[in-house]
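*Asks:* In case it's useful when we look at the structure, here is the feature table from TrEMBL:
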type: REGION; residues: 1-36; note: region 'Disordered'
type: COMPBIAS; residues: 21-36; note: compositional bias 'Low complexity'
type: TRANSMEM; residues: 69-88; note: transmembrane segment
type: DOMAIN; residues: 69-200; note: domain 'EamA'
type: TRANSMEM; residues: 100-118; note: transmembrane segment
type: TRANSMEM; residues: 130-150; note: transmembrane segment
type: TRANSMEM; residues: 156-177; note: transmembrane segment
type: TRANSMEM; residues: 184-204; note: transmembrane segment
type: DOMAIN; residues: 222-350; note: domain 'EamA'
type: TRANSMEM; residues: 224-242; note: transmembrane segment
type: TRANSMEM; residues: 254-273; note: transmembrane segment
type: TRANSMEM; residues: 285-302; note: transmembrane segment
type: TRANSMEM; residues: 314-332; note: transmembrane segment
type: TRANSMEM; residues: 338-356; note: transmembrane segment
């Protein structure tokens, strides 16, 4: 998963992780390019044109990536996402929608030069514009919902619920893309539902036990629905990205995400009347770092998927939960309850099981 804001293919948001492993672009183009450039054949020297020469050297080989580098990138992505979540939790005087608006503005300033440099345009192929618009609207809505969840719930609880996104992705891919939904997927779905139930703790099952809940149970429930809504919209975003495939530039999908997200957040803030600059200079600094760490999480997960299989990356991404537990204890002095720990075990086990199964299938 990718809470995923999948960067990235991820937003992440992160929107999630791809389920197939593709060779990096250009991997098979180098020999043809060398031949077209007039490079000598393997048996002749380019200086004296003889078949063998002492000055002949072996052609340089492409340096292989450092072992484990992809997993390290995935770990950095998990850390960046967790820090961004922590900062959202710390900025309590700014509405979640306004935080989303600031992030859209800052990321727009970063993505704009990239689009100009890559000369991809700002609209995209006509046949994919409807998907780009849906990706932008659903992705930005997902971002607002998770920010609201972080502000109204314990950090660990909200983070664990975001990991239910792969379950919804499997269901939507089965419905929309006709992908196979196996009994294993159904089993992982049940594990995820059990984990979320342990975190929500509905009164008709658990009575009036509200230990470990930061706010009132009604506020906790609103945050839960927001976190589940984030997981649903993130899953839909990933399905749309799969539908478009590689025919649309990655930066263009982010461009739609930030532009439509800014429009959507401004409209909502106008309706709510919540638009206001934070009074504290530290909060303003936090807003900048939320955008930077959020973008960093997208970049690192994309880099990880370029050089490592999706299965191990998905497993490493579960470190989001570990970081969330650590940050909640250190910065908020709030030790997660055993209910949260049990829910985290169920949800993480579901994600790891699904990742291992798809990894095994792709390696056959």
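Positions of Cβ are set from backbone N, Cα and C atoms, glycine also.
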*Asks:* Please identify the stretch among 69-88, 130-150, 184-204, 224-242, 314-332 with the greatest number of Cβ pairs below 8 Å relative to the transmembrane segment (285-302).
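*Replies:* Against the transmembrane segment (285-302), the leading stretch is 69-88.
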*Asks:* Sort out for me which stretch, of 100-118, 130-150, 156-177, 314-332, 338-356, has the most Cβ pairs below 8 angstroms to the transmembrane segment (69-88).
*Replies:* 314-332
*Asks:* Would you confirm whether the transmembrane segment (224-242) and the transmembrane segment (156-177) meet the contact rule of 3 or more C-beta pairs below 8 angstroms, pairs 6 or more apart in sequence?
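*Replies:* Yes, these stretches are in contact.
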*Asks:* Which residues, given as numbers and ranges, are at least 6 beyond the ends of the transmembrane segment (254-273) yet have a Cβ under 8 Å from it?
*Replies:* 11, 95, 97-98, 100-101, 104-105, 107-108, 111-112, 115, 122, 124, 132-133, 135-137, 139-141, 143-144, 298
*Asks:* Going through 100-118, 130-150, 184-204, 314-332 one by one, which has the most CB pairs that fall under 8 Å from the transmembrane segment (156-177)?
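*Replies:* It is 184-204, which has the most Cβ pairs under 8 Å.
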*Asks:* According to DSSP, how is the domain 'EamA' (222-350) divided among helix, strand and coil residues?
*Replies:* 108 helix, 0 strand, 21 coil
*Asks:* For the domain 'EamA' (69-200), how many residues does DSSP put in helix, in strand and in coil?
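*Replies:* DSSP composition of the domain 'EamA' (69-200): 110 helix, 0 strand, 22 coil.
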